[in-house]
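To start, the structure under review is shown below, and the notes come after it.
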Amino acid sequence: MTTAASSCASFLIKILLCVSFLCLLCLSEKACVVHGADEITLPVSSLFPSPNCKASTTNGSSTLKLVHKHGPCSPLFNGELANYTQFLLEDSARAKWIRSQFSGTNTANDLKGSAVSVKAKYGPGGESYLVTIGLGTPKKDLTLLFDTGSALTWTQCEPCVVSCYNQTEAIFDPSQSSSYANISCSSPSCSQLPSGTGRQPRCIDSTCVYEQQYGDRESFTIGFFATETLTLSPTDVISGFQFGCGQNNQGNFKEFAGLLGLARDRISLVEQSATKYDRSFSYCLPPSISSTGYLTFGKGSVKSASVSFTPISTVSRSPIFYGIDIIGISVGGKPLSIPSTVFSNAGTIIDSGTTITQLPPTAYSALRSAFRQAMTKYKMSTPASSFDTCYDLSGSTMVTVPVITFSFNGPIDINLDPSGVLIPVDPSKMCLAFASSGDDRDLSIYGNIQQRSFEVVYDVAGGRIGFGAKGCS
């Protein structure tokens, strides 16, 4: 053998050894992911949540730790990991609630009346995320859902005139805070409530009373509209913060203390803190419910090195939501044949509280067909609730999934994280994490599963929303 041939053979052997070693690493290391131009290969086990919390570092004075409400990092965790079947039921109810905001249909309940007898079903969302804030003087820590689809921030309050559900922390008692004050019915702030809650305020003893409903309208909060001191960190304190002090709270709220509203409205935290944070915030939802993410405020707190922006659009009839314009979807590098009118008919919102992205049937059908074609080497399994494209991966150590790319007005292209493509429904079943909205005329909702691992930047003052890849690391 010549010297050149010997060197070439030696080089090839080294390459083969390196590839073999990489394969061994992928088989043994949960985090090993191999990226191709149009597909990603990763361990099946990496898509399943862990029973143990993996906390990430969150730096910055205006940064709050963000946890999945059913994950092991949550203060509400009961030792049982999330049930995705229940998530889907709650998710469907939230989508119906969101769409009801566009049709203007709502019902009313009573603060002074007896507790509503109808059985509560669903709360603000299925797979939602929590943050902990301080309220009052001295401050009391409260764990709240954060929600870009709601404007009003509220928490349960003593003396619970009608009803309070069980929560993990002590219920906030305004009588123990020196900075609490009710808002009067004659205040301009009271008259601003309808744009954020969709309900006209009422008066009880000259005090402004709010009402907010969720899901199938069987989850709701009614109480006094008030001001209080809100503490995000020792150096981030907002005085005179307007919030709902809930006295009649019923539904599927599951032990958290209330909700942090970040929608586009005058009563949201975004607008109330505009002077301090310039109407800017961002968050990162981790790839796994077993890890922590963050919610941070202010333009200077953006953590991603590179962020791609798309304009915020206003969706007709309900401007509190953050609209974005989808202009195309690709699977495995191949654009889907979807008429442009499919996405422009009713528009699209991005929502932190909806789990699964819901697309018009025409778009979903094209996505499903292309995904199935790319996954033919895997055995299909039975459907699970609204998931109709599922696979039995119990005999597989690794799985190769096509890259799914969403194109937004800008134009910008966002390649979804694998955790935003396949979702584990049970130990042997993985499903495509999308659903049909049911009608091409329905609003599309870009859900939180597809936002995983991105830093999602809301530059509300600049009229744009950005996506920074690998934003949680």
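Glycine residues also receive a Cβ, built from the backbone N, Cα and C atoms like all the rest.
The signal peptide annotation in TrEMBL covers 1-36.
The domain 'Peptidase A1' annotation in TrEMBL covers 129-468.
Residues or ranges marked as active site in TrEMBL: Asp147 (among others).
In the three-state DSSP assignment, the secondary structure recorded for Asp351 (active site) is coil. Around the Cβ of Asp351 (active site), a 10 Å sphere holds 25 further Cβ atoms from the protein chains shown. Per TrEMBL, active site is recorded for Asp351 (among others).
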Euclidean distance between Cα atoms of Asp351 (active site) and Asp147 (active site), Å: 8
